[in-house]
Amino acid sequence: LLLRWRRHRGLWKKVKEAQQRQERSLVRMETVTRSYREQHPSLNMVSILSLPLPELTKRIQDGSLPPEHVFYAYVGKALQIAIETNCITEYLQESETQLRKAKPEKRGLLYGVPVSIKDSIDCQGHDSTVGFIKNINKPAAEDSVVVQVLKRQGAIPFVKTNVPQSLVSYDCKNLIFGQTYNPLLYTRSPGGSSGGEGALIGGGGSILGIGTDVGGSLRFPAAFCGICALKPTGKRLSKKGVVAGVVGQKAVAAAVGPMAKDVDSLALCMRALLCEDMFSLDSTVPPLPFNEEVYSGTQPLRIGYYETDFFTMPSPAMRRAVREVKEMLEDAGHTLVPFELMNVDYAIFNFCVRGMFSDGGVSFIRNFKGELERSGVALLFWLSKTPSWLKSALSWTVKPFMPRLSAVLRSMRASTVDEVWSLHHEIEEFCHQFITQWKNLNLDVMLCPMLGPALGIGYPEKLSVAVSYTMLYNALDFPTGVVPVTLVTDEDEEELKDYKGYFQDWWDRTLAKAFRGSVGLPVAVQCVALPWQEELCLRFMKEVETL
């Protein structure tokens, strides 16, 4: 007991150190912003913050807007949003030095643009905690490739943002830095695992951010906070120097991607990142520069669509969002074709859950060894700790009245090597079948629902099964973007009274409660393209955004 008490005291000391570093970061941000404002009393920060990224970069490039004005405007706004939502874990003080040393003659595409970085993406000299105490005071030896490329393009990474413990959650809470709140409504989750990014950008404290996605971790925060995000094909951008939630698993493709207020900003970020520096720093990234011709195309598109995946019943607002966008696209001259999703429940349980936890959850549990708390992943942790024989017994017992829990239990049993190889082969076959169905309909892109509106804080932990709309495209490894298109109405709220769900189990009843009281909150749609067609995905997103 004494040894345990001493160890716990040591862990709490580390937590306190990280929290004090966070507090010092905010104090520094306040100090430098106040000092700059005193030196430039006539500076209009609001007008700078209102500029979209393409216009901002244009003005910095032509010299009409000093990068110092932009930097300190965003540091000040980021401080305000951090105080309101608890989204920033650390201020990167070296950004001030980078700003001073920026060479006007070497102006990259993002010259002078402040960029926020998700906690799990390495920045030299700073922790990538992933919400684990064991990772405190273990600063990264070098920048991740994506951060290196951003810097070479003139961008200035200036803050790191909060994540849920382990990243395997679409809320945003950990023991070290606490809960991050949605800037649109503080009782709601900002989404996760790139939740700090979603909150900061959604609140206007960052104009461009970089996050990651292994089941919707870019798309949930974007949808919940009313902004845009792009999850590229897994290997389109480098993941070197990016910490994963479940290390080594290959069944569900993770991706690094941008988040911003609008689609043109995402396109500019991709244009900047897909350069020779990216391809030379990480030779596993295919040398595919940004295809300008595809992004700026104007020809009518042939678009597949569906309103539901028949696994997670969409909220009335989700269904309406897809219908309204479909009608607008048709009125604009595009062709909309119904797409019939098949076997989504099988894909979620056997490809996603089983793929992530093929080792029976051993790797997932190992992450928590020696930690003081398991924030937001209690059910997954309990399921991972349960022996395989007990999982099988429980799966059989609960199947008649909770078929989805039964399937989750069955999917989280440890697999043999032979079973894992068979699983990978099955995922490949599923992907080929999906593409065949897509090509038989002669589709260019696909319009899909996105879970929304933002769920109340604490609900994502209870509703891990609601990732079906997003995680499908990690298993398929298709580029997928999110665009906010509407707000929840009183009529949507009224219709929600009839929400039952497809399984009418505890999860469906809980999701109905989580959707309630959301009038005025944003709802998004997903825009999907085939692998390696990020530019076409962005072009479709831009079309949806414009309409």
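Indices start at 1 and increase along the chain as displayed.
Note: Cβ is positioned from N, Cα and C throughout, glycine not excepted.
Pulled from TrEMBL:
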type	residues	note
ACT_SITE	LYS118	active site, charge relay system
ACT_SITE	SER193	active site, charge relay system
ACT_SITE	SER217	active site, charge relay system
BINDING	LEU167, SER193, VAL214, GLY215, GLY216, SER217	substrate binding site
DOMAIN	73-538	domain 'Amidase'
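A distance of 9 Å separates the Cα atom of LYS118 (active site, charge relay system) from that of SER193 (active site, charge relay system). Using the Cβ center of LEU167, SER193, VAL214, GLY215, GLY216, SER217 for substrate, the list of other same-chain residues with Cβ within 8 Å runs, in sequence order, VAL168, SER169, TYR170, GLY192, SER194, THR212, ASP213, LEU218, PHE220, GLY245, ALA254. Of the recorded residues, LEU167 (substrate binding site) and SER217 (active site, charge relay system) place their C-alpha atoms 8 Å from one another. The CA atom of VAL214 (substrate binding site) is located 9 Å away from the CA atom of SER193 (active site, charge relay system). Comparing C-alpha positions, SER193 (active site, charge relay system) sits nearest to SER217 among the recorded positions GLY215, GLY216, SER217. Averaged across the domain 'Amidase' (73-538), pLDDT for the predicted model comes to 96.
Counted over all residue pairs in LEU167, SER193, VAL214, GLY215, GLY216, SER217, the record's binders of substrate, the longest Cα to Cα distance measures 11 angstrom.
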